[in-house]
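As recorded in TrEMBL:
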type: ACT_SITE; residues: His210; note: active site, proton donor
type: BINDING; residues: His210, Asn211, Ala212, Met213, His214, Asp251, Asp360, Gln411; note: AMP binding site
type: BINDING; residues: His214, His250, Asp251, Asp360; note: Zn(2+) 1 binding site
type: BINDING; residues: Asp251; note: Zn(2+) 2 binding site
type: DOMAIN; residues: 134-457; note: domain 'PDEase'
Amino acid sequence: MPVLSGFLNAKLGKMWKAGEQLLPTSVWMLSTYQQGALALELPELIQLVKLVWKSKHSLQGTKRKGISESEEALSHFQGRLSGFRAESLKISTTANSGEIGTKKKVKRLLSFQRYFHASRLLRGIVPQTSLHLLDGDYLGQASHMLSKVGTWSFDMFLFDRLTNGNSLVTLLCHLFNVHGLIEHFQLDMVKLHRFLVTVQEDYHSQNPYHNAMHAADVTQAMHCYLKEPKLARFLTPLETFLALMAAAAHDVDHPGVNQPFLIKTKHHLASLYQNVSVLENHHWRSTVGMLRESGLLSHLPVEMTQVIEQQLGSLILATDISRQNEFLGRFKSHLDNDDLCLQDADHRHFMLQIALKCADICNPCRVWGMSKQWGERVCEEFYRQGDVERQFDLEISPMCNQQTDSVPGIQIGFITYIVEPLFNEWTRFTESSVLTESMMCHLRNNKVKWRGLLHKQHHNGEENEQLSEVS
């Protein structure tokens, strides 16, 4: 299917005809892309990517070993940073142009990792790190796990260990290949990998919960939802691309604190986005900046990339938990009135927003072993915020006081007031599919287990009080 088949509308249809290629295939793109379906297994694809990488590196030669830049290179680089204007990125350079590359100072919002990595790529300097792709070990347990990536019992904790902490990059490379997106959009594999590595590295690994492994878990859940029979037959390649991309980047550069914390500490992000969907706006703008820096979509028409950027924003902004009732009410209304028409592009986009919201909060629907780990991780992140608030004499946010807010109590409240209402409506939409029934079964069982742990904590607390009174 041609790349524009699901994209044409009255305006764009005058510019492109279905069936036409967008541009001649890049010299760095695999020749297989011009020969129909991509019939490569991922291990073989990885080997080809590495060959391409080595070829580019050898052609670049010694001129890319140096760090110093010319004034012309600096001008070009600053021009490419236009995607970050909304993030108020400021660059200061030294007077000596021969030392620009080594003395450049950058004031970033929250993360310095992405700028350092992406700016070196823009200057044409090949990273010294490896491609983060597995070699021989990939053919073992990780490969076996990827063959079952569409199952709900997929263990992201194990997969992250098997991929040496590169679960997001490895998973996205695999899913883009499985869904035929690399061939369909004629994506340059080296640019794709660079972009995914940049996204992965821009997640804060020190966060117990909002890290790259959470993004990989949400992406795996989204992959499962995209296969739901009620939805799958209507989706275009562009919508699949948007759904996976939004899932992977929906929490990028998350600082490990919530929006109320940023507002009450008068953080500049809160001012920049006027206290509205502060984190979600930052995740979206950061993703757009990385896309532009990577050049991943540079071969596509400008109008198409603009649509991609805007729809990515619409999807990521939907994950704002403060808008939960807004989306839930609209979803319930559609189901009550039976007026969801998935042949309509707007309705499909709305369902992708709902699917991403479900994927983002689906941890309580996982098997108990994984669900319990995710629950403990998110509460640990809450407690860390509470510790900072206590340290600076700020009011401790709800669920962030380790002395009064227990993990089971937080999880039971989250399931009752956030997860169950949304997934009850999702069950209605999917007409109780096999996957949905499995999720809801886990959800009910997990709630019972959390209640058991809460009761045990209360019982132990009462015993401790009695012992202290006796002593």
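Here the Cβ of each residue, glycine as well, is placed from N, Cα and C on the backbone.
A map of TrEMBL features onto the structure.
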residue: His210; record: active site, proton donor; Cβ contacts under 8 Å, 6 or more apart: Tyr203, His204, Asp251, His254, Gly256, Glu381
residue: Asn211; record: AMP binding site; Cβ contacts under 8 Å, 6 or more apart: Tyr203, His204, Ser205, His254
residue: Ala212; record: AMP binding site; Cβ contacts under 8 Å, 6 or more apart: Gly165, Ser167, Leu168, Gln200, Tyr203, Ser205
residue: Met213; record: AMP binding site; Cβ contacts under 8 Å, 6 or more apart: Met156, Phe157, Asp160, Ser167, Leu168
residue: His214; record: AMP binding site; Cβ contacts under 8 Å, 6 or more apart: Tyr203, Asp251, Trp374
residue: His250; record: Zn(2+) 1 binding site; Cβ contacts under 8 Å, 6 or more apart: Ala215, Val218, Glu280, His283, Leu315, Ile316, Thr319, Leu356, Asp360
residue: Gln411; record: AMP binding site; Cβ contacts under 8 Å, 6 or more apart: Pro364, Gly375, Cys379, Asn446, Trp450
Neighbours of His214, His250, Asp251, Asp360 excl. site residues, C-beta within 8 Å of centre, Zn(2+) 1: His210, Ala215, Val218, Ala247, His254, Thr319
Which of Asp251, Asp360, all binding-site residues, has a Cβ with the fewest other Cβ atoms inside 10 Å: Asp360
Taken over the domain 'PDEase' (134-457), the model's mean pLDDT: 96
